[in-house]
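According to Swiss-Prot:
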| type | residues | note |
| --- | --- | --- |
| BINDING | Gly165, Arg166, Ser167, Ser190 | NADP(+) binding site |
Amino acid sequence: MTAKLIDGLALSKTLRADVAARAAALTARGHQPGLAVVLVGDNPASEVYVRNKVKACHDNGLGSSFDRYPADLPEAELLARIDELNRDPRIHGILVQLPLPPHIDSHKVIEAIAPEKDVDGFHVANAGALMTGQPLFRPCTPYGVMKMLAAYEIPLQGANAVVIGRSNIVGKPMALLLLEAGATVTICHSKTRDLAAHTRNADVVVAATGLRNILTADMVKPGAAVIDVGMNRDEAGKLCGDVDFAGVKEVAGYITPVPGGVGPMTITMLLVNTIEAAEREAAANA
């Protein structure tokens, strides 16, 4: 059996068409959605991500601002800029690209963003709302994964789901969204004793560790859905995920490729969150 590919690019295209239509409707009423992107330093991967986010805004009718600062920017100056963006009525979403330089406290920066503009869903108020099942924003990558599972009609109610990774950005919110959908969820991580014992019983596996080949064919239940959130490079410098794709695709029922799987969905859900923020603001001021 060869797994069916979950095509993040195709699904992303469909969702972005909806985003563009909603953006056009808001703009026609004088409420163009706006996303502010802030980059501190010159991390090459961050530069690529930011460029893709700004381009996605332009391509789909959202306004965007891009602030780029040197790596030695004082924390106080970054916080002052966030305060300005919080008060700017043209901006509905604020994204500070992580990681930040070591002298800047990323928790302090995230908490400085107004919760209603925190389109990444990282603010403690939004994390708490997600925990209680009433999220204002769902974090973009887990939100994208849920959209993929829904689009391919992969059943979650009563399913055994394993999330490998416990980060605040992917692992923890991913587990909460799967739980909300009715799955029985296990979170595994670097201290998990026997990872394969958990994954072999899983109907759905989400790998989000940043470690190549953490999931191999012998660790996967036949027919399972395998979602690869990882972004790594192999020996030849080629982009790859956390999953041994060549092996696992012969066992799994569904699998996401890297690239072309989860990656495009992350930026798409950022656009969706920004649109939702703009729609809320427009409704409040109607």
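Every residue, even glycine, has its Cβ placed from backbone N, Cα and C.
The NADP(+) site is set by Gly165, Arg166, Ser167, Ser190; from the centre of their CB atoms, other residues of the chain with a CB within 8 Å are Ile164, Val170, Gly171, Ile187, His189, Ala208, Thr209. DSSP classifies Ser167 (NADP(+) binding site) as coil under the three-state reduction.
Neighbour counts were taken at the CB atom with a 10 A radius for the binding-site residues Ser167, Ser190; the maximum falls on Ser167. Residues Gly165, Arg166, Ser167, Ser190 are recorded as binding NADP(+); their most distant pair of Cα atoms lies 11 Å apart.
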